[in-house]
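Structure, as structure tokens:
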Amino acid sequence: MATRGLFISFEGIDGAGKSSHIEPLADAFRAQGRTVARTREPGGTELAESLRELLLNRTMDALTEALLVFAARRDHICQVIAPALARGEVVLCDRFTDATFAYQGAGRGFSLETLSLLERMVQTGIAVEPDLMLEPDLTLWFDVAPAVAAERLALARAPDRFEAQDAAFFERVAQGYAARAQAAPERFVRIDGAQSRHAVWQQLTNALVRRGWLAIMVAANGGPK
Ligand SMILES: Nc1ncnc2c1ncn2[C@@H]1O[C@H](COP(=O)(O)OP(=O)(O)OP(=O)(O)O)[C@@H](O)[C@H]1O
Ligand SMILES: Cc1cn([C@H]2C[C@H](O)[C@@H](COP(=O)(O)O)O2)c(=O)[nH]c1=O
């Protein structure tokens, strides 16, 4: 039987710098001969990308939002994440369930108990490990002050429905991430996202080198351009 692959999620408030580091990390794993599934949430399948369009652009209440996020996640897990892990691949996922606890939970104020219930329903009963709740092996949390992230985004693109939220919303989301990190310190690695791209790359590759997942030489030669 093939060894289960590696599941790494990237988290942080909008503009924290996650996406800029995913492709360079995918290249680093490829340089070591690994097959990489690079994906994102909400999204990653045709169905989930359709739900993403709705989530990012249409007005809806908090329960509808939470249910759509988890519906997209279930399809994404079944179609993409679980099969890739079963093939022994490295899955690099731009956001996963920590985002739901941070945005829908801390940001919108939706019940954390209900989110935990949905998390268990959606992330168990997966063919490879039916009794286990699927979770990332590692979560790279790009921690950045909302004011810094907002400044970066203002220079980068027009805001979607989440990015258009006020500073207080992002303060709550940031606190939501901090609470998730505190509750699962063995899974989370905090990256100081306010530093330069090079320094951020060094922090995240150090975490992978420490775990024996990335060779020092590969880490040293890569990074965002
Ligand atoms: N360390 C950094 N220092 C300065 N600017 C950065 C840094 N990292 C990324 N940026 C810039 O900040 C902007 C947002 O970066 P990026 O898209 O990677 O963030 P993100 O966390 O993926 O955001 P979102 O979740 O909203 O997609 C981009 O213009 C990017 O070039
Ligand atoms: C997975 C997930 C995402 N969101 C929000 C967070 C972001 O604002 C958008 C995705 O946009 P990105 O540019 O790809 O980061 O969706 C959320 O509210 N809840 C979730 O579970």
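Using N, Cα and C of the backbone, Cβ positions are placed for all residues, glycine too.
Per TrEMBL, ATP binding site is recorded for Gly12, Ile13, Asp14, Gly15, Ala16, Gly17, Lys18, Ser19. Residues or ranges marked as domain 'Thymidylate kinase-like' in TrEMBL: 10-202.
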ATP site shell beyond Gly12, Ile13, Asp14, Gly15, Ala16, Gly17, Lys18, Ser19, criterion: Cβ within 8 Å of Cβ centroid: Phe142, Val144, Ala149, Gly193
CB contacts for Gly17 (ATP binding site) [other CB atoms within 10 A, all chains]: 20
Listed binding-site residues adjacent to ligand 2, that is, members of Ile13, Asp14, Ala16, Gly17, Ser19 whose C-beta is under 6 A away: Asp14
Other C-beta atoms that fall within 10 angstroms of the C-beta of Gly12 (ATP binding site): 25
Cβ packing number for Gly15 (ATP binding site), 10 Å threshold: 24
Sparsest Cβ surroundings (other CB atoms within 10 Å) among the binding-site residues Ile13, Asp14, Ala16, Lys18, Ser19: Ser19
Overall pLDDT for the domain 'Thymidylate kinase-like' (10-202), taken as the rounded mean: 96
